[in-house]
Amino acid sequence: MQPQDLIFWIPLLPLLGATFNLFVGRVLWRWAFKKELPRGLVHFAAVLPVVLACVVSIVVIFVGSGSLFAQFQAFDATGNNLLEGLHQTLYTWIEIGTLKIDLAFRVDTLSSVMLLVITFIGSLIHIYSIGYMEHEPRYAAYFGYLNLFTGSMLILVLGDSLPVMFIGWEGVGLCSYLLIGFWFNETANADAGRKAFVVNRVGDFSFLIGMFLLFQMVGGLDYEVLRSDTAMSIYDNAFWGGERIAFWAGLFLFIGACGKSAQIPLYVWLPDAMAGPTPVSALIHAATMVTAGVYMVARLSFLYASSTTAMIIVSTVGALTALAAAFMAFAQTDFKKVLAYSTVSQLGFMFVGVGVGAYVAGVFHLITHAFFKAGLFLSAGSVMHAMSGSGDIMKMGGLRKYMPRTHGAFVVYWLAICGIVPFAGFFSKDEILAGAFFTTPQGWPPGYNYFLWAVLTLAALGTAFYMSRLYFLVFSGECRADEETKAHIHESPPSMTWPLILLAVGTALVGFIGLPHIEGIHLPTILADWLAPSLVRPDMEYAAVGQSLGGFVHAHSLGMVGGLMGLALVLGALGIFIGYKLYANGVDPRIERLTGEGGGLRGWFTWSKNKLYVDEAYDTVLVRPFRWIASAIFEFVDRFVIDLIFVNGAAVVTDVFGRVSRWVQNGQVHRYMFALLLGSFAIFFLTTRQDVDFSYERVQRGGVAKVRFVADVGSGPALMPGHVLRWDLDGDELPDLRPGVARESATEADYLSATVVEIDELAVGGEVTLWFTDPVFGRADEATKSISLGASASAAGGENQ
């Protein structure tokens, strides 16, 4: 068996775990034994599949002559331009016309990195959940959803086409709804889950438009087709608004990425996602959902590299999101909310990386961020577990002496996100800053790269400040909790602390896989070498990418690189210093004065605490108007059309017919006779009620050309009693009289009223009109025709008026 034959097991194993816990645990076991599945069996069936998926991933990537690593070594030795990776097709999923979509998976150097991150960190989060959720009554449901979440993300990164990716894309969206609203008994939690689901549907709709556009233009959705020479030439074609296909497809797909990866303007769901259990927050923010958008842009790097405008939009949105989210985090007092805005901000850094063409730098930060952000959230869960569920950092403080293992791990994560050497965040964030500073793709506005670098530099300073504020308010100074809570503060169990330790070790080491490029100094660039064959197209030169080599920027002098790294390090240290001075012993009185009523920073503090009032703006501009429209439609369609007309109307009609039938069918003969006559009259009226019409034909009478007109009034050529006909044969718009009768002295009997009349051809006007009157039923009708007489003229039908 070759390694590629094992690929499908990677997503299948977590899905089997989800099936066991959700179907066997939640349905069959409860039905058979009238009790919950034993907890040991639940987490064994949940944790083992994810751990095995991690093992299978390692085997597929590294073990044997058929592994991806062996293929990579052969690729590196021969210098070929295309690394195919390992491919497995399960079956043809959709085949309609020219559209053929296989359920196929591919492990290449990009997806392999994601596999290791998802399965390793996912395994630690599953193990952590054993202790964190030990008192949860819906234990099997929680682990089932967690497995389903992991399996969906694995399908997303393994999919060999956009439709297969979209299966996982929608799967993680569904699981986010289930897990964010897991404690749905509280209205706020249910609302948060619904908000995440709705906001992501906006992005997903845009993703579908981009996918359909690519299929319409390229004719396929497999990555191999999308990055082919034919497709690349199609991307350059003008499409709409003066922009090329690459721009529009990239834009629609990027809007989808903004939904999944919480970028402006679709980031508002992520802070509210903190309503779910803390391990869920770690999984969403570190290993799964929010990284999906960054992965998608990196996977389609060849598409984005074909459009300078698309790259500008991606990088600009990322930079603005990074700065805005950092500002929003300044005044938050909920532990997890601070980390949530931190995630939004760090995702902005990643999008700047992939947006400027430094794709490896963006993916590198995704990897390092997964380690330290998972650790930060799990540390938050450990702290909240000790604080009886409270996440208010204003009621914490001094926890380092109560929780030494949690504190030690948190310090590593904190220094990493602040960008302090030698921890992972220092290297990855510096590569993105360098990419923004040095990369100048053709077509960009002059100096725009410096603008992006400046915005990210401010965001990096803000990150160091608000994360230091968080650290000192939680772990430094004196404990501000009440005495009852303080008496119960304790270190978390090993199932929760060991994942923290392993993540801390990873955070300390993983940064060394992406050392910077420096002229004259050959540092190992493991990640850049590994990812290069999967990013952009190594066999093509893209003007739009400019100085980025599909990943890290080109090597620059030690002075330039060292200067930027030194500046980033100084800014990180400055943020930590400011945080220490203001929050080392609780909130500094100067801050309370400045942010209090009438203080100089009151306005800034209010805007930060209220998250720039974006939620309020959305509520005013979008939610309330659409809710009013929906309410109006509901009142009209549901209450009026469905309830009143269809439901109640049907009841009224049935009631009326029942009353009439009861009145008629009562055994009295004279009522039967009345009903019989009424029915006969109705049948007679309906069968004789027909539009008036006439036909004509040219005939010869004794050598004289005449025209014969025949009226049809629904009863054939014979008139029923009381019917009245009038003809206008000469086209003067007046009823014709019999020959020799003056109009002034004409009576009813003098008008032409026969159903069949003949007149000389020369006397026929251009239009002939027939009027019909039925005084019995009060019906009047007329027919007008333009007369055309040829050698054998005849006509039937007409224009009824």
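The count begins at 1 with the first shown residue.
Glycine residues also receive a Cβ, built from the backbone N, Cα and C atoms like all the rest.
The domain 'NADH-Ubiquinone oxidoreductase (complex I) chain 5 N-terminal' annotation in TrEMBL covers 93-143. As a whole-number mean, the pLDDT of the domain 'NADH-Ubiquinone oxidoreductase (complex I) chain 5 N-terminal' (93-143) in this prediction is 90.
Per TrEMBL, the feature domain 'NADH:quinone oxidoreductase/Mrp antiporter transmembrane' maps to 161-437.
If you look up TrEMBL, you'll see 6-29 (among others) marked as transmembrane segment.
Annotation comment: TrEMBL describes 41-63 (among others) as transmembrane segment.
The transmembrane segment annotation in TrEMBL covers 109-127 (among others).
What TrEMBL records for 139-158 (among others) is transmembrane segment.
As annotated by TrEMBL, transmembrane segment applies to 164-184 (among others). Counting same-chain residues at least six beyond the ends of the transmembrane segment (164-184), those with a Cβ under 8 angstroms from any Cβ of the stretch are 11, 93, 101, 103-105, 138, 141-142, 145-146, 148-149, 151-158, 190, 192-194, 196-197, 200-201, 204, 207-208, 211, 256, 260, 272-273, 275-277, 280, 283-284, 288-289, 292, 296, 299.
Taken from TrEMBL, the feature transmembrane segment applies to 282-304 (among others).
Annotation source TrEMBL lists transmembrane segment at 310-331 (among others).
For the transmembrane segment (338-360), same-chain residues at least 6 beyond its ends with a Cβ under 8 Å from one of its own Cβ atoms are 257, 261-263, 267, 270-271, 273-274, 281, 285, 290, 293-294, 297-298, 301, 304-305, 311-323, 325-326, 328-329, 332, 366, 369, 373, 376-377, 380, 393, 417, 429, 431-432, 434-436, 439, 441, 449, 452, 456, 459, 462-463, 466-467, 470, 514, 527-528, 531-532, 535-536, 542, 544-546, 548, 550-553. The transmembrane segment annotation in TrEMBL covers 338-360 (among others).
Residues annotated as transmembrane segment in TrEMBL: 366-387 (among others).
What TrEMBL records for 408-428 (among others) is transmembrane segment. Tertiary proximity for the transmembrane segment (408-428) is limited to same-chain residues at least six positions away from its ends with a CB under 8 Å from its CB atoms, namely 342, 346, 361, 364-365, 367-369, 371-373, 375-376, 379, 460, 463-464, 467-468, 470-471, 474-475, 497, 500-501, 503-504, 506-512, 514-516, 568-569, 571-573, 575-576.
According to TrEMBL, the transmembrane segment annotation covers 496-515 (among others).
Taken from TrEMBL, the feature transmembrane segment applies to 669-688 (among others).
With a threshold of 8 Å between CB atoms, the same-chain residues lying at least 6 positions outside the transmembrane segment (41-63) that come near it are 3-4, 6-7, 9-11, 13-14, 16-17, 20-21, 25, 69, 86, 107, 112, 115-116, 119-120, 122-123, 126-127, 129-130, 139-140, 143-144, 146-147, 150, 154. When Cβ distances are compared across the two stretches, the transmembrane segment (6-29) makes contact with the transmembrane segment (139-158), since 3 or more pairs at least 6 residues apart fall below 8 angstroms. Only pairs six or more apart in sequence are counted, and the transmembrane segment (496-515) with the transmembrane segment (139-158) gives fewer than three Cβ pairs under 8 Å, not enough to call it a contact. Within its own chain, the transmembrane segment (366-387) has Cβ neighbours under 8 Å at 113, 117, 121, 124-125, 128, 131-132, 277-279, 281-283, 285-287, 291, 294-295, 335-336, 339, 342-343, 346, 350, 395-396, 399, 402-403, 406, 409-410, 412-414, 416-417, 423-425, 427-428, 474, 481, 485, 488-492, 496-497, 499-500, 503-504, 506-507, 510-511, 513, 527, counting only residues six or more beyond its boundaries.
Secondary structure of the domain 'NADH-Ubiquinone oxidoreductase (complex I) chain 5 N-terminal' (93-143) per DSSP (helix as H, G, I; strand as E, B; remaining residues coil): 29 helix, 13 strand, 9 coil.
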